[in-house]
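Engineer: Here you go, one structure.
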Amino acid sequence: MRQPLLDQATCSSSEAASTKSLFTDAGWFSIITFSWMGPLLDLGRKKTLDLDDVPFLDDSDSVHGILPKFKAKVVSNSATGQFTDVTTVKLAKAIVLTTWQLILITAVSALLSAVASYVGPYLIKYFVDYLNKSSRSSKEGYVLVLGFVVAQLIGGLSTRHLQFKSKQVGVRARSSLVAAIYQKGLALSGQCRQSISSGEMINVVSLDAECVGDFSRSMHDLWLLPVQIFLAMLILYSTLGFGAAIAAFLATALTSAANIPLGLIVQSYQEKTMSAKDVRMRAMSEILQNMRILKLQGWEMIFLSKIAELRKVEMNWVKKNVYTSAMVLSIYFCVPAFVAMVTFGACVLMGVPLETGKVLCALATFRQMQAPIHGIPDLISIINQTKVSLDRISSFMCLEELPSDVVTKLPRGTTDVSIEVTNGQFSWNTSSQVPTLQDVNFRIRQGMRVGICGTVGSGKSSLLSCILGEIPKLSGEVTTCGRISYVSQTPWIQSGKIEDNILFGTEMNRERYEKVLEACSLIKDLDMLPFGDQTIIGERGINLSGGQKQRMQIARALYHDADIYLFDDPFSAVDAHTGLHLFKECLLGFLASKTVVYVTHHVEFLPSADVIMVLKDGKIIQAGDYTEILNSGKEFTELTVSHKEALSTMEMLEPPSSNFEINCHLNGSGSTLPIADVQTDDENEVIVQNGQLVQEEEREKGRVGFTVYWRYITMADKGAFVPIILLAQILFQSLQIGSNLWMAWAAPRSKDVNPPVSSLKMINVYVALALVTSLCVFMRSYLLAMAECKTATMLFDKMHQCIFRAPMSFFDSTPNGRILIRASTDQSAVDTRIFDLMGYLLFPAIELLGTIILMSWVAWPVFIIFVPVSVASLWYQQYYISAARELQRLTGVCRAPVMQHFAESIAGTNIIRCFDKERQFISSTGHLMDNLSRPSLYNVAAMEWLCFRLDFLSSFIFGFALILLVTLPTDLIDSKTAGLAVTYGLSLNMLQGWAIVVLCSLENRMISVERILQYMAIPSEPPLTISESRPDCHWPAKGEIELRNLHVKYAPHLPLVLKGVTCTFSGGMKTGIVGRTGGGKSTLIQTLFRIVDPCIGQVLIDGIDISTIGLHDLRTRLSIIPQDPVMFEGTLRSNIDPLNEYSDDQIWEALDCCHLGDEVRKNELKLDCTVTENGENWSAGQRQLVCLGRVILKRRRILVLDEATSSVDPKTDSLIQQTLKQQFAECTVITIAHRITSVLDSERVILLDNGEIVEYDSPAKLLKDSSSLFSKLVSEYTMGSKL
């Protein structure tokens, strides 16, 4: 039996758990030297690594291994045994207790590394004194050499394992937090879901959990800092005396104190940057979700300008952050010189003799102190950021969960009452004075069909939510018996295969599966798809039509063998014929013995219900069968009267047949009109590669090309800053080495030798050189910051320009997560990291070269040995980089699925909970997190593999140089220069490791530039305006539309969707377009708006070929109410008038015209009333009325209605039709409708089938011909109420 998507994740996760990682069974030597990474690196040299090539995690590093331990620690520290009272301290404690063994190992490694790093500076004095001796003992020299080399090896080894084990701690912390946050997200109450946006929840996962995981790299710095300062002071005390040590300590304290406020300022700027980024990303996410409507309205560039304004605010903080960070970095490079000036100055004042050995020992100690002192502001910033992230996570974990006792769930067969609500009071906002639902009392017995109807906003969907337990209960009792299946009003579809969406984590029963497909009219749809039910669905079901998504939802519910089925207006998204088929085959046939509760605006489906409940203002005002409630009150009568009035025009029509499956032969062609003749996806056809719409994310292969680097560094002012930055860097480091060389030369060999210059002159020259050095480093840092900001701005602007100008096919085939990752993570790297890394790379590279030159000057054979060692280093680096590069790319690629899965799950929490699939979705999250952790952990292991070998090689060079100095005759060696060479040689490990780490990190970060440049090459739509052919300001004056031999396909390799369509819509004419799903209706509208251009033929509006004018000129002169009503987060005013073009009086007039005015006036904020993300606090019907208000304000000559009233009740639909007649009496109106009644009063009706016009005439004439397809559609619609 094949396993579905969710179970596959579970199986994969189990497989991962049972498969040991590379280092689990490795020997001690292999673990110490990281040799266990060899097979993966070797494979990376031979081929481009894929995720399948990356070994699994160890059981203790995977989500399923770490999460139970983490949850147990949290619960044990909780007074209630739940997450709801977790605090920041308790959360941090749980993480520490879960990973304490690794933390202890890293603490020992950190201490060893710190102590070993100060052994070299301590020994320098003794080594210089040894070189100054006229008669030297070889044994003493070799002991000193051994001390230097062993300290370097121990320091390098402990640092390597500190880095790797810290990454393990970070992986475990991040994985456990993400999994716990995800579980919490699935358990949130409805009220909390409305108070926190999905974007904020995704930020908790993508930013805060990541931040806590990254803290593992700095977790020991807080206690290591005083240890390092103590060791440094101890060395200075033993070398220069108490006074000099105190002076050095005070200078260190002063620089630390100066760093702290700067660090806090940087941290403040970073927080402001993150807040501004959050606002921008929330807006960007909403725009990407609704890009189709923005393009149809011609608003995309206006919304781009909004993003640009938000980016300006963000960039203001980015610049402050970058420039302040540049100042902090400059101080960092100047710290050793400043501390040296103060210390040596104090020695001169106190009369402490400055001998060469003491000076070099002090200089080496100052260089060693440089990193911890500079790290103070970073450490403070990291600690604060981590605390903020932990605060946000703990706040999220404390949010109210959906109570488990809202609904009493009885096992199947316990009672014959399926659903019972007694004295129910429910409210989405528990603080509101007026409940959403009140006085709810009903009992539904097993096997009953219950219809729910009412006007827009009356509480129909909320009533289903109370049965599911999703809406907060104020009082009363809710009882259900058996399992529940639920079909939501807005389709929720997962990314993945169609089959997996239908199975939804249950085992395949082929016979039941085929029956479900047949009942839901999906077989013909699947036959037309290249991979059938194995076709991969895009994000939010982007490559399916609205009707297909709804039918897939119904199929999912039917396949799940439940006892109670809840349907929330599922027929609004499908045409009348398909809706009738679904009602007949699914509700009346497939579910004949089940309890079915369905919300509907289709009055024709209500007579089949055993009980009908009519809602008004949150109350059930009528209940009974169709005949009873029709005669018992006016509310239901009002809902049905408009429907009957619309059908009254057809009373004289004798239905041609009661059999709905009629073969209709047209024009002798013998063509038939099947139940759901779907030609792939007419409504959302997009470019498909290899038959699948959504491909794996494109990633470059091999090394980042030189052109990427060149384009990046020459983007700002054509790279004019680069040579100046390079010159300033070379001058800075040359002067720095020169100043130290001066001090070594100017200091006497011993106190018995006269110094070459006076102490005062020695200090003055050193101060002068230090000042010039500081000037160079400040200029270099300032220019780097300037180039970085300019380049980041240019890349952002160009990428977003290309994204917003991309055709709809790009958005249809690209998950939003991929675009958002580039706009956030990749852009952040460009904003603050890449130019910094280039600057960081220059420092070790130049100093490494200077050190080798200095060592070769002292002992020339060093250069001979340096050449083969350099070759070996480069070979190791090349051996490593192929695998590391792909591991980094895989890390980037694997991050988006985690975010996408989280976002999808949050959007469908009510469905996941209804089907009891929480455990499987949590397992899927664990599998995706492990997929992300694998390349990131092994990438760090690969880095440590390389650094260990480079440390060994640099220690070899250093040891070889020391042995030469010990063995060469005294007269061949200048002890001063030799001492300075050893001082710099102590940093060989650090410099070489730094250079390689920065180089690899730079290449990894340059992948972000590469990914941004990919999106700067997206093919663009045609021009927005064409200056030489702009229509006049009154166009279109008549509104006449002429279609000439229109042939449309969505890509060159795909079949035609429209085939030779020719017709004319006269100015002011009202035309209805009808036809089965997939007939070409929506494609015709998309062609009119040039979402897709015809391959043959023309569209003329008032005689102008629309292909000859700009897209903006076209789209802004037309109006459309789309099938999916869109509202943006903000206020009602910003939604109905996004461009701020109209006065309040005009807006109120439009609201009154669309029958929303009274509802809005009830709200205290009136036009400024809140609209939450995606307009979720407004019903689907109300959102459609807001869209109607927009077009009333716009008042264009041509209006397109694409299923504009599918989510409103018949009464409101009737009122809207009257409004349209009044407000657009002189306009050309094109209506696509599933409700046939919506097009009956049109002057002309076009019936599209298979991309061709098969009928085109007035409704009356078509109805007279009983053989016409239109008459059959109308007949099917009217026959529905007789079921």
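Glycine residues also receive a Cβ, built from the backbone N, Cα and C atoms like all the rest.
TrEMBL entries are annotated by machine, without manual review.
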Engineer: Transmembrane segment per TrEMBL: which of the ranges 141-158, 843-860 is that?
Structural biologist: 141-158
Engineer: Are there 3 or more C-beta pairs under 8 Å linking the transmembrane segment (720-745) with the transmembrane segment (863-881), counting only pairs at least 6 apart in sequence?
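Structural biologist: No, the stretches stay apart by this measure.
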Engineer: Against which stretches of its own chain does the transmembrane segment (980-1002) lie, if we need a Cβ under 8 Å and a gap of at least six residues from its ends?
Structural biologist: 120-121, 124, 127-128, 148, 152, 155-156, 360, 363-364, 367, 737, 740-741, 744, 834, 837-838, 840-841, 843-845, 847-848, 850-851, 854-855, 857-859, 873, 877, 880-881, 884, 943, 946-947, 950-951, 953-955, 957-958, 961-962, 965
Engineer: Spell out yes or no: are there three or more C-beta pairs under 8 angstroms between the transmembrane segment (328-352) and the transmembrane segment (765-785), with each pair 6 or more apart in sequence?
Structural biologist: yes
Engineer: With pairs restricted to those 6 or more apart in sequence, evaluate whether the transmembrane segment (246-266) and the transmembrane segment (720-745) have 3+ C-beta pairs under 8 Å.
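Structural biologist: Contact criterion not met.
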Engineer: Six or more residues out from either end of the transmembrane segment (765-785), which same-chain residues have a Cβ under 8 Å from its Cβ atoms?
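Structural biologist: Same-chain contacts beyond the ends: 319, 322-323, 325-327, 329-330, 333-334, 337-338, 340-341, 344, 721, 724-725, 728-729, 731-732, 735-736, 738-739, 742-743, 746, 757, 835-836, 838-839.
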Engineer: Does the chain bring the transmembrane segment (100-121) near the transmembrane segment (222-240), so that three or more CB pairs sit under 8 Å (pairs 6 or more apart in sequence)?
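Structural biologist: The answer is yes, given that the two segments have at least 3 Cβ pairs within the 8 Å cut-off.
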Engineer: Cβ under 8 Å to the transmembrane segment (720-745), counting only same-chain residues 6 or more beyond its ends: which ones?
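Structural biologist: Residues packing against the transmembrane segment (720-745) from afar: 333, 337, 340, 344, 356, 359-360, 363, 713-714, 756, 762, 765-766, 769-770, 772-773, 776-777, 779-780, 783-784, 786-787, 839, 842-843, 846-847, 850, 854, 976-977, 979-980, 983-984.
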Engineer: Determine which residues of the chain contact the transmembrane segment (141-158) at the Cβ level, with the cut-off under 8 Å and only residues 6 or more beyond its ends counted.
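Structural biologist: 32, 109-110, 112-113, 116-117, 119-120, 123, 126-127, 130, 947-948, 951-952, 954-955, 958-959, 962-963, 965-967, 982, 986, 989, 993.
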Engineer: If you average pLDDT over the domain 'ABC transporter' (419-642), what do you get?
Structural biologist: 84
